[in-house]
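Database features, via TrEMBL:
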- 1-144: domain 'Ferritin-like diiron' (DOMAIN)
- GLU8, GLU43, HIS46, GLU91, GLN126: Fe cation binding site (BINDING)
Amino acid sequence: MRKQIQMEINASNIYLAMAAHFSRDVVNRPGFAEHFFKSAREEREHGSKLIEYLSMRGQLTESVTDLIQLIDVDVKVESGADALRQALELETKVTKSIRSLIKTCEKSPNWYHLVDWLTGEFLEEQLTGQRDLAGKLSTLSKMMASQGALGEFLFDKQL
């Protein structure tokens, strides 16, 4: 569970870095920036919900200081399509981690509530988010193939 919290916080920081990249005046893609700011908020909220769940179960009585560790975020984004591709890979990784956590919890008789909560609260949103990112990436790739940089500009306005 603590690993999942860390993964959600790391994803939030990566999305925040992507949002900052697209907010720069030399890049100026406000649609992409807003998309990634929103994604960062969602991932941070996921981390907060997991922490609240641990607290509810009485699992935060000790070692809270090592719950979240800051990482250096070095995001290299070449284009909007590259950012969406990286985001899709990150979401896939987070989804696999949630599924792994669910499998682990299914083996423990006292964690059936967590399994239900994770599948209802997180898994559906993760899968929907992955599908949305894949669709956006597909659309943007087609627009850039036919329109080049103008395709990315138009896609950004659509976001």
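Just so it is clear, glycine is given a Cβ too, placed from its N, Cα and C backbone atoms.
Note that the structure is predicted; figures quoted are calculated from it, not measured.
Mean pLDDT for the domain 'Ferritin-like diiron' (1-144) in this predicted model: 90. For the domain 'Ferritin-like diiron' (1-144), the number of residues in each DSSP class (helix H, G, I; strand E, B; coil) is 113 helix, 0 strand, 31 coil.
Cβ crowding, taken as the number of other Cβ atoms within 10 Å, peaks at GLU43 among the binding-site residues GLU43, GLU91. Those residues of the chain, other than GLU8, GLU43, HIS46, GLU91, GLN126, with a C-beta within 8 angstroms of the mean position of the Fe cation site C-beta atoms are MET7, ALA11, GLU42, VAL94, ILE98, PHE122, GLU125, GLY129.
The local packing around GLN126 (Fe cation binding site), expressed as other Cβ atoms within 10 Å of its Cβ over all shown chains, amounts to 19. Its own atom aside, the Cβ of GLU8 (Fe cation binding site) has 25 Cβ atoms within 10 angstroms in the protein chains shown. For HIS46 (Fe cation binding site), the number of other Cβ atoms no farther than 10 Å from its own Cβ, over all displayed protein chains, is 23.
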